[in-house]
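> So that we are looking at the same thing, I have put the structure below in structure tokens.
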Amino acid sequence: MDVDFGNALASVAVTGVSEASLERLDRRVGRAHERIAAGIEDRTFGYASLALPEETDPTEIRTALEGFDPEAVVTVGIGGSALGAKTVTEALGCAGHHTLDNVDPVETARLLEELPLESTLVNVVSRSGTTAETLSNFLVVREAMTEAGVEWTERTVVTTGDSGPLRDLADRHDLPTCSVPEGVPGRFSALSAVGLVPAAALGCDIEAVLEGGAEGRQSLSPSLFETPAYAYGAVAYALENRGATTNAFVPYAEALEPLSEWFAQLWAESLGKDGLGQTPVRALGATDQHSQLQLYRAGRKDKLVTLLRPREREDVPIPDTDVDELSYLGGETLGGLLDAEFEATEASLAAADQPNVRLEIDRIDAESVGQLLYELEAACILVGELSGIETFTQPAVEWGKRAARGLLGGGEFEEAEAVEGKTSRRVE
Ligand SMILES: O=P(O)(O)OC[C@H]1O[C@H](O)[C@H](O)[C@@H](O)[C@@H]1O
């Protein structure tokens, strides 16, 4: 990806960052890069994520999928065990990928009604193999397949850790499996089997995705001024230190909308530690110019707006019109209008002293998507290094899990008592 942070400079936006500050920060970026590079080489927990382009074996994935030629794939997983896979297939236009990454009974029932179960591949993904939502959905899907007369063991592939209930189930039923790479947190696993099985099953070029990731790896160098991923991470970090506690991530491409969900987990779960972290807001261009832009321009100056677009895209001409007020659109294209709105929004934010950064990729294809995922991960890891936080863990998510488990009789958890003791002040 290319990064243009001109609109994040103090010379453009009051809450921006000065060139001199970035020069000083670059020395810290260089030291952080040394730590990151060493962590990649040593496959240290978390940093191992940035070794995935070398470590992920497409052959393992394709072997596990041998004999499958599904009409549809349903990924039963949650968080990093679903978002990366959804991002890759949606970006690459691999039709037929559905995800069950919530336990909304209406949605699960709807999807099971809609799916051609006899020609659907069930892709169960859980690093721990113990995630309640994933296992509950899997049990429901398995029962639905049985009731439809489909032998579930012949239509299920599992991606999980080396041990745990899901690994035991896969072994017991001799299911094809892929491994979850050691030392790679779920939100950083898009460039592993966790993120690539559905794309492979639906005929996408996962090798090219990994090639893009490898180009991302090659792009890392000790300076933010020579490394797009570090330029983005360093500017996001510097802006947060100047009050930008929100990062609105706005791709101008429908195919990249799931990327925003993936980015939100990556940014929030990695950086939301010790009272720090930017709140990622998922938005979509041009649609959210008609909803959130008012806040970005005229609300609190507590934001970074990240604008992402492909430079090339398939296009659609806009026919001529005899409506005078709209005649300027005739002969234009939808892509031309989208690009004009991207640039106009970017300028309108700068004109309102709202720092924004432009990310661009050549086009939305397997290689560009792989490189984009990689470089956004590297940007996130740099922010974690500069912030001095634990980038790769997520202890805060465990409290709620224990409370829910206690409420369901899954053990004695003091967190469940806190739920019972809720302070109420109802208005009906
Ligand atoms: O892959 P699993 O072990 O099922 O975990 C799925 C997700 O749930 C956890 O609670 C974490 O918040 C996520 O980082 C993780 O991706």
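Each Cβ is built from the backbone N, Cα and C atoms, and glycine gets one as well.
Automatic prediction, not curation, is the source of TrEMBL annotations.
According to TrEMBL, the protein carries these features:
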- Glu269: active site, proton donor (ACT_SITE)
- His290: active site (ACT_SITE)
- Lys401: active site (ACT_SITE)
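Give me the structural setting of these features: burial, nearby parts and distances.
Sequence-distant neighbours of Glu269 (active site, proton donor): residues of the same chain at least 6 apart with a C-beta under 8 Å from its C-beta are Gly79, Arg187, Gln394, Val397.
Cβ environment of His290 (active site): no same-chain residue six or more positions apart lies under 8 Å away.
DSSP assigns Lys401 (active site) to a helix in the three-state reduction. Within its own chain, Lys401 (active site) has Ala132 as residues 6 or more apart in sequence whose C-beta sits under 8 angstroms from its own.
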